[in-house]
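Presented below is the structure to which this report refers.
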Amino acid sequence: MRSLPCCFQSCCCLLLLFFSGAQGAPGAPSAAPEQVHLSYPGEPGSMTVTWTTWVPARSEVQFGMQLSGPLPLRAQGTFSTFVDGGVLRRKLYMHRVTLRGLLPGAEYVYRCGSARGWSRRFRFRALKNGAHWSPRLAVFGDLGADNPKALPRLHRDTQQGMYDAILHVGDFAYNMDQNNARVGDRFMRLIEPVAASLPYMTCPGNHEERYNFSNYKARFSMPGDNEGLWYSWDLGPAHIISFSTEVYFFLHYGRHLVERQFRWLESDLQKANRNRVARPWIITMGHRPMYCSNADLDDCRRHESKVRKGLRGKLYGLEDLFYKYGVDLQLWAHEHSYERLWPIYNYQVFNGSLESPYTHPRGPVHIITGSAGCEERLTPFTVFPGPWSAVRVKEYGYTRLHILNGTHVHIQQVSDDQDGKIVDDVWVVRPLRGRRMYL
């Protein structure tokens, strides 16, 4: 048989490489699940399993309470097609199945997929119901596919059963859309050992912005009907609100989103205050902080920051809203460092007392925790911080948050640079009565 010209063979090889790479993994597109992760849909006794395949397939989870042997329970869900906005227009099939009727606090074993391919088995513990228990969370932002310093220790903590949920406060992978969303795939595979074992709750950051946050919206399954941009959920004695700071910055996706989110936040905060006897703590998480003392030109370095004061310094600012409705704890990231503020409102410190500043504080407590590790490395601090800055740590790490009961919350910062040493440790204490509003 006559051989084909060399240039023709080379072109064929390039085309084969192009099309095989367009779907993700080398070789034939696979129905085997990957990038498995959990989230809490907000309904007691439930858990949502999300995963990715490279071809359409059924969406099923098999689960049970025995560590080995058959998995007797079944749940079905749906998949949606995600077309990345990059030049290759790669297709990913996102599967979502919600498990219901879970026993509070019980451990389950599960696998996901279809007859065309199953994941390995994972384990998780169903969240407890009601307000009378003590959730433990890991909190961080700004975790990349490259230089994810905190991830090995977070994995070990997860294996030891230290947490009930993860709060990832924006900025994933750096960036999920890059290399035609392959960086997003790599990141989701990296976090799978943690995220397939705990509800991995998220909010968007600036690094998710590309193609109108499409990778973020497609890959994560948060409660509510706002594509994970803003939502709230109850966990033990706390009401947790996740929102998007990014609506204030990427206005080309719609200025109406700023007002829409603000109205939703106000309504949710009103409901949370009516339910404050049952769930005394109100905790928010958003990516870009209102305040910071880092040596950069970020929004939190501006006196009239957009997140704090709103558009044009007066429209839909969040500090007054959160202060009015008595938000207790505000979790932020974006700055690649850790900073704890004194209780603060409008640049004024409102400590509970000189001896016990976080006991009965008269303003919200801000925690900035964006040092989990990414390719951009750590962010330095200014030499002279403002009088509202209590503790600053320029080391890789993450935050532990223990909501002990209706009056006590314990916050610790873990330093990965110092082999897991606790480099900040503080209790926030509030009375059950008379704590609905600061005003």
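The count begins at 1 with the first shown residue.
The backbone N, Cα and C atoms fix where each Cβ goes, glycine too.
The feature signal peptide is assigned by TrEMBL to 1-24.
Sequence annotations record features per position, and here TrEMBL assigns domain 'Purple acid phosphatase N-terminal' to 33-125.
Positions annotated as domain 'Calcineurin-like phosphoesterase' by TrEMBL: 136-338.
DSSP states for the domain 'Purple acid phosphatase C-terminal' (363-424), grouped as helix (H, G, I), strand (E, B) and coil, give 0 helix, 31 strand, 31 coil. The annotation domain 'Purple acid phosphatase C-terminal' is assigned in TrEMBL to 363-424.
Helix, strand and coil counts under DSSP for the domain 'Purple acid phosphatase N-terminal' (33-125) come to 0 helix, 51 strand, 42 coil. Computed over the domain 'Purple acid phosphatase N-terminal' (33-125), the whole-number mean pLDDT of the model equals 97.
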